[in-house]
Amino acid sequence: DVIDDILQNVNKNNVKVIVITDGERILGLGDQGIGGMGIPIGKLSLYTACGGISPAYTLPITIDVGTNNPQLLNDPIYMGWRQPRISGDEYYDFVDMVIEAVKRRWPKALIQFEDFAQKNAMPLLEKYRDKICCFNDDIQGTAAVSVGSLIAASRAAGKQLKDQTIAFLGAGSAGCGIAEQIVAQMVSEGLTDAEARARVYMVDRFGLITENQPNLLDFQRKLAQKAEVVDQWGNIEEVISLLDVVKNAKPTVLIGVSGQPGLFTEEIIKTMAANCERPIVMPLSNPTSRVEAVPADIVEWTEGKALIATGSPFAPVNHYGKLYNISQCNNSYIFPGIGLGVVASGAKRVTENMLMASSSALADCSPLLKDPQADLLPPLGEIQQVS
């Protein structure tokens, strides 16, 4: 009843898009408690700027379940609940109460989950995706823009995505979300599910994820490589590194979502470039201080062969007098358009086919399809048309 009363205080009866967070995994900052409210506000401003949705139809929400940030707990002027975060069933029950109250107040609104910790992000998405109109931008938006970029890059090379072999560094919810969207796209292009998964290699801090590893999360287990595949590589250490994967699987696409800087080393990039004509390298971790490799190094190590997209903005790279623009694989190419589509169509769910359609639409907008020397993604100045 208290939650219903709080929501009644909002002087908006026709809310169509809601961005909700619990402030636990604010990009580059971590647990910010109720200070995470700036993120839903910022995201909704992009729904307006990029998707043309009126601010009158949007609402930011922060769920205050405490904070594990000691600075905030000891801050006498912190305005949130100065207690450690609730967890487990208590946490999920409270989130459920909030979601139910939101749907009573605005039953047709799209809910975007934003900056939830990995341990909660995927379970919440799995719980609600088939019950209400919702999506998680960190998982699904990142996946859609990444897949759209890969479709465009593949088309420009006269290929389909199903022809690529992909290696990931980082097997959290974001990385696995991208991988699952890649698998879905490959299946739509004619591969079986097993054939598609065999072309995707997930590497985390414990090495390549294989089916015989213990303690895998459910969403990781579906992407684990078969043991017999690795056995064919011969003389491999127990922990199979990214370099081992690059040498043996010979990926044509390398995607970084590890949040750890510098892990795409010169040896890894040069080995990859030696095995394919136009390597696609996507260090997506952000902010820039956490990127797996800076574009200038990738351009130099591949002698300008690589097609690069990053998660953070980078200036163009000058390599022996030739200027290489670096495309930013930014979710704002995707989520404002999804929101606009849901609002315009009155959709009751955000489906996998919708996300695949958004990836395909983004690929259709790629300047690279008309000019092999052009950028991978359209300029941000065209973002409203893209949406």
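Placed from the backbone N, Cα and C atoms, the Cβ positions cover glycine too.
Binding of divalent metal cation is annotated in TrEMBL for GLU114, ASP115; the matching candidate from ASP89, ASP93, ASP138 at the same site is ASP138.
Same-site candidate for (S)-malate binding, as annotated by TrEMBL with ARG25, ASN286, chosen from ASN74, ASN325, ASN330: ASN330.
Taking Cβ-Cβ distances under 8 Å and a sequence gap of 6 or more within the same chain, the neighbours of ASN330 ((S)-malate binding site) are VAL145, GLY311, LEU380.
Note: the Cα of ASP138 (divalent metal cation binding site) and the Cα of ARG25 ((S)-malate binding site) are spaced 11 Å from each other. The separation of GLU114 (divalent metal cation binding site) from ASN286 ((S)-malate binding site), Cα to Cα, is 15 Å. Helix, strand and coil residue tallies for the domain 'Malic enzyme N-terminal' (1-129), in that order: 62 helix, 16 strand, 51 coil [DSSP]. In the three-state DSSP scheme, ASP138 (divalent metal cation binding site) falls into the helix class.
Other than the site residues GLU114, ASP115, ASP138, same-chain residues with C-beta atoms no more than 8 angstroms from the centre of those residues' C-beta atoms, the divalent metal cation site, are THR21, ARG25, LEU27, ILE39, PHE113, PHE116, ALA121, ASN136, ASP137. Rounded to a whole number, the distance between the Cα atoms of ARG25 ((S)-malate binding site) and ASP115 (divalent metal cation binding site) is 5 Å.
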